[in-house]
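Novice: This is the feature table in TrEMBL:
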- His7, His9, Glu94, Asp204: divalent metal cation 1 binding site (BINDING)
- His130, His155: divalent metal cation 2 binding site (BINDING)
Amino acid sequence: MNWIDTHAHLYGEEFSADRTAIVERALAAGVSRLYLPNIDSNSIEGMLALEVQFPDNCFAMMGVHPCYINENVEQELAVVREWLAKRPFKAIGEIGLDFYWDTTYREQQYHAFRSQLELAREYHLPVAIHSRESTRECIDEVKALQDGRLSGVFHCFSGTLEEAKEIIDLGFYLGIGGVVTFKKSGLDKILEDIDLQYVVLETDAPYLAPVPYRGKRNESAYIPLIGEKIADVKNLKIADVAAMTTNNALKLFKTH
């Protein structure tokens, strides 16, 4: 079976001791493509180094994460623009809004999100959207700018069934990760009513490891555990989940 991890921060310091082994474990588990969302200007070097080391397996995005936006917003956006003009990337991400940790820079977050959605339209690239405690607001921002050129994924989807349907209607995918294996998440109930053609898999490594590794460091090799849970919820064969979600991810990143 062939799998894709659409969202993994494998360049992070959490993997500094065994980064190569982490990628090799993913490949051994059948996870052949790993998409790396950027965080800010400080994470670019490590992310691109991993892409150089594994050019057939690791693929970089470019963007600035909402949790890393403050008074520096214009400098960070300038770096994003500079890199997008310099070389190709698979997507613009990780972008969006985060009202869970801190809302001090709420207006700057909105400005950065809108600016990067505009860049996605300009470069015809998909976006990886972070929407923690802000699913409704992120949907509204995409809706306001959707002219047929915006596509992407609501990574680590955690909204309602109604919001899931709105996201799908906008032409976006739902990124489903380890949270679906958590007993009280309710995500399994939402997935019962969602066609798998709108779902891609992700780990968000090193965060949100699936059961039985919950609370430990996550890694891309755990993607099949997420697929296994979805197969159970949807009453499908795991091979079918692998085939469908892999095909969806290839479409998402315009690899077809």
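Just so it is clear, glycine is given a Cβ too, placed from its N, Cα and C backbone atoms.
Automated prediction, rather than curation, is the source of TrEMBL annotations.
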Novice: Any idea what the Cα distance is from His7 (divalent metal cation 1 binding site) over to His130 (divalent metal cation 2 binding site), rounded to a whole Å?
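Specialist: Here the two Cα atoms lie 11 Å apart.
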Novice: About how far apart, in whole Å, are the alpha carbons (Cα) of His155 (divalent metal cation 2 binding site) and Asp204 (divalent metal cation 1 binding site)?
Specialist: 8
Novice: Between His7, His9, His130, His155, which of the binding-site residues has the fewest other CB atoms within 10 angstroms in the structure shown?
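Specialist: Across His7, His9, His130, His155, these binding-site residues, the one with fewest Cβ atoms within 10 Å is His9.
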Novice: Distance check, please: Cα of Asp204 (divalent metal cation 1 binding site) against Cα of His130 (divalent metal cation 2 binding site), rounded to an integer number of angstrom.
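Specialist: On Cα coordinates alone, these residues lie 11 Å apart.
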Novice: At a 10 A cut-off on CB-CB distances, which of the binding-site residues Glu94, Asp204 has the highest count?
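Specialist: For the binding-site residues Glu94, Asp204, the Cβ with the most other Cβ atoms within 10 Å is Glu94.
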Novice: Where does Asp204 (divalent metal cation 1 binding site) sit by DSSP, helix, strand or coil?
Specialist: coil
Novice: Roughly how many Å lie between the Cα atoms of His130 (divalent metal cation 2 binding site) and Glu94 (divalent metal cation 1 binding site), rounded to a whole value?
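Specialist: Rounded to the nearest whole number, the Cα-Cα distance is 6 Å.
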Novice: If you take the centroid of the Cβ atoms of His7, His9, Glu94, Asp204, the listed divalent metal cation 1 site, which other residues of that chain have their Cβ within 8 Å of it?
Specialist: Ala8, Pro37, Gly93, Ala128, His130, His155, Cys156, Glu202, Thr203, Ala205, Tyr207
